[in-house]
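Worksheet: the structure to be examined is printed underneath.
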Ligand code: ADP
């Protein structure tokens, strides 16, 4: 490996300790999985701390983190790489998965379920004893660097018959089930993340509890911790609590007039 090669991963190092509030024993369990280089799946609703957890673990383990936000237009080439044409002819460019496997990073495929199944299968040989990645178009077989680990996230709430991971993919991972933190932890997160007063943080968490009870009764998902952080940030900037809550907690999650009325009522009661 040349100096240039090894320095590719520097940009992916997590420089500063990310704030992460553990919910259970996930930190120790992830460390055990990393020691054995087991692939990890992090499941849970959007905005509940999955990505922050992975970022924190990469920092804690001192490993670079290559993150890929998956989408349905993503092809296998977007993950593994492709030949590019430039003035000197053709040149191979590694994709993010290849960079991680070749040089030894944690590769985090966020919302893997969004990717098409023919894209998802490229990760298979990296997830078992082979720890290899065939670059068919280049005619190269990569043996994953000893530091490489694969982590995926997905939101089981979005699961449908068309969009679910195949068992043959799922059963290559160890799993963590995430949910919104309990009220006390969530309020603490808001205080840490935004500097908002503990009493306001507790009120925001109360509003979230109302919305989360509406899941399956008009709402597909409850209010995420991420949105609570947004509301607290707006308040920290001087926006009045009710306006901040409408903007961050109601507008993004529903267009249904009845549900809006219910949420706005909960906000008015909480911030009376
Ligand atoms: P997702 O589950 O969609 O990956 P994120 O990890 O991006 O969600 O979390 C969204 C935001 O919520 C974070 O940016 C952070 O502000 C906050 N957050 C959620 N859970 C935690 C936690 N346990 N510790 C610290 N911050 C958290």
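Every residue gets a Cβ built from N, Cα and C, even glycine.
Around the Cβ of residue 52 (ADP binding site), a 10 Å sphere holds 18 further Cβ atoms from the protein chains shown. In the three-state DSSP scheme, residue 52 (ADP binding site) falls into the helix class. Look at TrEMBL and you will find 21, 47, 48, 49, 50, 51, 52, 193, 226 tagged as ADP binding site.
According to DSSP, the secondary structure content of the domain 'ATPase dynein-related AAA' (39-173) in residues is 46 helix, 40 strand, 49 coil. Annotation comment: TrEMBL describes 39-173 as domain 'ATPase dynein-related AAA'.
Per TrEMBL, domain 'CbbQ/NirQ/NorQ C-terminal' is recorded for 186-268.
It is 226, among the binding-site residues 50, 226, whose Cβ has the fewest other Cβ atoms within 10 Å in the structure shown. The Cβ of residue 48 (ADP binding site) lies under 8 Å from the Cβ of 178, 179, 180, 181, 224, 225, each of these being in the same chain and 6 or more residues away along the sequence. Apart from 21, 47, 48, 49, 50, 51, 52, 193, 226, the residues listed for ADP, the same chain places the Cβ atoms of 53, 189, 224, 225 within 8 Å of the centroid of those Cβ atoms.
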